[in-house]
There are 2 protein chains.
Amino acid sequence: MSVTTPKGFAAAGIAAGIKQNGGPDLALVLNKGPRRAAAGVFTANRVKAAPVLWSEQVVRGGEIAAVVLNSGGANACTGPRGFQDTHATAEKAAEVLSALATGEGPDDVGAGQVAVASTGLIGVTLPMDRLLSGIGKAAAELSEHGGEKAALAIKTTDTVHKTAVATGPGGAWTVGGMAKGAGMLAPGLATMLVVLTTDADVESADLDRALRAATRTTFDRVDSDGCMSTNDTVLLLASGASGTVPAYEPFAEAVREVCADLARQLIGDAEGASKDIRIEVVGAASEDDAVEVGRSIARNNLLKCAIHGEDPNWGRVLSAIGTTGAAFEPDRLNVAINDVWVCRNGSFGEDRDLVDMRFREVRVTADLAAGDESAVIWTNDLTADYVHENSAYSS
Amino acid sequence: MSVTTPKGFAAAGIAAGIKQNGGPDLALVLNKGPRRAAAGVFTANRVKAAPVLWSEQVVRGGEIAAVVLNSGGANACTGPRGFQDTHATAEKAAEVLSALATGEGPDDVGAGQVAVASTGLIGVTLPMDRLLSGIGKAAAELSEHGGEKAALAIKTTDTVHKTAVATGPGGAWTVGGMAKGAGMLAPGLATMLVVLTTDADVESADLDRALRAATRTTFDRVDSDGCMSTNDTVLLLASGASGTVPAYEPFAEAVREVCADLARQLIGDAEGASKDIRIEVVGAASEDDAVEVGRSIARNNLLKCAIHGEDPNWGRVLSAIGTTGAAFEPDRLNVAINDVWVCRNGSFGEDRDLVDMRFREVRVTADLAAGDESAVIWTNDLTADYVHENSAYSS
């Protein structure tokens, strides 16, 4: 049920001493081939962490042999030193993994085939001695059953580790994945590190196409707190070990399914949240309009507080819609909360006392009455616990 | 020290029974002339409350004889009935005030000269019987010393009433003002109702020019919680009672001064806030860039939480800057918190332990190193008290 479910992958997760609490903080994922095809999607933030800048270059090369991921430090805003540290991490992994070569798959690993992903506090350099010796230790523990341990090692404020899997027709191939992310979750991805693997035999160009299509409607529509990270990374690695070349559509659907599953898990574990809010915008003139309106609603702190208080405050939905440039007429807007249409034609509708908001999942439906397009955005409520988690200590 | 400081104005504030707690909830401001020139600036939200739609029409006519303001209900998203209620409010005020005419100033008041402003919960109709009888009561209490009472009657979650005044050269004329606003404070004004008065003899076109220039750099740069209201209204009324026609520049400066004073008071009274945050963006290629970056920083929930926790978390400033389209190079960005440059050239700078954040006002300076333009945006921290105020009951 993770990155080692597809054939051709090994993984490990260990405690390298990067985190001060001594917990697992270093993960390694190895693609044993025969293929090393890969694709990646990264944060849209213009302030990018060193590992993002590095891994973008690796993906451009079209092959990923291994991924090194660490929690305990984002290596963002760390200047030239930070980039050197990421480079040294990739060099070390290449050296260690090449020494392990068995002759079974592609043997040598070049530093340019090692992607790096980091998560944790911005503006702090990593303890490189511990990280580099940790890579040796992790390589020694690489296992075809190591996926869960790897998923555990990338957690930061996550309360649970996140993994998912989808299987192709007849079980001919699988897509597996792991994710971390609990705060700074916003579009252009969230603060998330995600590694997806597949044993399907797919070329990098098709991996890229499938991954972009999948993230566009899953991770990109998770907007927990409106804050876009410097480190977001989603990688998709194909080993080809199943020996099956899949048709594009079912493969892309499996990738989307794993991304959607992981995205939903991210929302379910968002910092301090007590409600998962599914915002569906319907009746939009365009999908872009639907997404713009959904994001505006998702980012309205007053609405997020109201939902925390189980108050179906549809006026805050309307005032959020009103700040967008989407096509709509104010007096034609309709809003449902948990399927009760509390706002009709821009004014009060059904009795708000009919809305039952006791459950964790809350559904907000905004009908723009301007067309046939729609989109779903996920967010969370805003709680005192969120404030506490993000004010009581640096993260 | 309020709307009745300038000559030619009378005001009243009473309890009409609109608020369930029986507190003051209805204010009336009368321009006794000889001039009735006026200008107004309204919310940029496309979902506009009925009184905003009405008052925009009144301002277009160029004359305001009186303003009726109520707390206890926003009359927003109330459909055609809401607009009829606003219309009836203006008709009633015109009737009552015309009956009071003394022959001193312009006597008759037409409904088209009565602006209306409302604040409170969205989506609820006003108790019109109480409101209309309240207008008669307020008119009977109109006084040249009624400014403070009027300011008290427009409070919602405000803990204090807000007034300000500025005087022209040699005391020849004055500008006075009152404001309400404590939450849903965001650009395109905040949830604020503001009435400014002056006894300077100024035509509507110049009032409009001075008011737009003033609000652009004051109320429009208050961004307490990123939520834009449906009811924001800023009115400027000139009575001409001083008999002095001022030069434009000092008059515009006095209007700006009163707006800046009131805007600062709004930030100081924002719901649940424990810190007032002054974000100054310098070194920008354009003023628009500076404003865009300032707003992005002001809306970053994670930074707002960090400042609440007195944590100089400059990484969250950088990640907010990185989401904008402003001109900058990530490795040239500098950030100071309370004048300590904790980030230099996109990486760590001075020791963050040097930052003293114990006081209520916190200064964040972001240097884009891309030009000579700058802008100041004000916001507040994000606190558990904010969450409580906005989740525990409808507002």
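From the backbone N, Cα and C atoms, a Cβ is placed for every residue, glycine too.
Heads up, TrEMBL stuff is auto-annotated, nobody curated it.
Copied from TrEMBL, the annotated features are:
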BINDING   A:T156, A:K180, A:T191, A:E271, A:N390, A:S395  substrate binding site
ACT_SITE  A:T191  active site, nucleophile
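Sequence features, as recorded in TrEMBL, placed on the structure.
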| residue | record | Cβ within 10 Å |
| --- | --- | --- |
| A:T156 | substrate binding site | 22 |
| A:K180 | substrate binding site | 28 |
| A:E271 | substrate binding site | 26 |
| A:N390 | substrate binding site | 29 |
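Contacting chain B by the Cβ rule (under 8 Å between Cβ atoms), the binding-site residues A:T156, A:K180, A:E271, A:N390 reduce to A:N390.
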